[in-house]
Each structure stands twice: as C-alpha cells, then as structure tokens.
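Marked as Na(+) binding site by Swiss-Prot: Gly77, Thr80. If you look up Swiss-Prot, you'll see 4-24, 37-57, 62-82, 100-120 marked as transmembrane segment.
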Amino acid sequence: MRKLIYIIVGIAGILGALSRYYLGLTIHEFWHHTFPLATLLINLVGCFLLAWLTTYIAQRNILPAEIITGIGTGFIGSFTTFSTFSVETIQLINHSEWSIAFLYVSCSILGGLIMSGLGYTLGDFLIKKHLTEGDHL
C-alpha cells in the first residue's frame, strides 16, 4: 500500500504540472502585459482548492486518504508554484518594475490568504450543512 501512495502522488503531480503548463499558455494567449497574471491566477486557484480539499473532502471521508494525498500533494502541489512566483518577482525587480513587483507580491500573499479563507469557509459551510441534514462525517 505504501508504494501505491507514491504512484498516486506521482501521477497526480504529472497531471498538476501539465494543467499548470496548459493553463499558463492559455492565459498568455490573452494577457500580453508585464504583470505575471498566469502564475497569480494558478496559485490563487490552488490556495482555494487545497483549503477546500483539506476542510471538506478530507473530513467527510469522501475519498480514500491516498487519493486525497495525491490530489493535495501531487496535483495541487505541482499545479501551484512558489518558485515561479519568486523568480518572476526578482525579474520584475531587476527590470526596475517596482510597482508591478509590489502589486504582484501583495496580490499573491493577500489573495492567497483570501482564497484559502474562502476555500476553508466553503468547506466548513458544506460540512455544517451535511451535519444539519443528518449526514455523518
């Protein structure tokens, strides 16, 4: 069973990385500005999904723990990218794009916290809804 978790995380990681790459290319087709919108949007979606997953899906035992780990660590872990965020910020600073770099860092941190909060709130709301309907966690 221990080997299975590595396979699940690996496959989910491949799918997350491919999803990030495809979504990044798609956003770049429509966004031709200095601000790194693709990475920001991908990371914000990832913050929401991880918070929702760990709050709702994991507590409801809807999926086996191995699948939840695969989605959280594998898919969402490879879908989001702190390293790209960091490199893009340094590139903006090196090109003297100070205001864009500040906006990017601010939106990433505050937006990530807000999206995580929304994901948690949605998960918590859905759990309470199921409990009031008589369902069990």
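Every residue gets a Cβ built from N, Cα and C, even glycine.
Here the transmembrane segment (62-82) does not touch the transmembrane segment (100-120). Their Cβ atoms form fewer than 3 pairs under 8 Å, with each pair 6 or more residues apart. The Cβ neighbour count for Gly77 (Na(+) binding site), using a 10 Å radius and every protein chain shown, is 19. Residues 34-36, 40, 43-45, 47-53, 55, 85, 88-89, 92-93 of the same chain sit 6 or more residues outside the transmembrane segment (100-120) yet have a Cβ under 8 Å from a Cβ within it. Remark: Thr80 (Na(+) binding site) has Arg20, Ile42, Asn43, Gly46, Cys47, Leu50 as non-local neighbours, by Cβ distance under 8 Å and separation of at least 6 in sequence.
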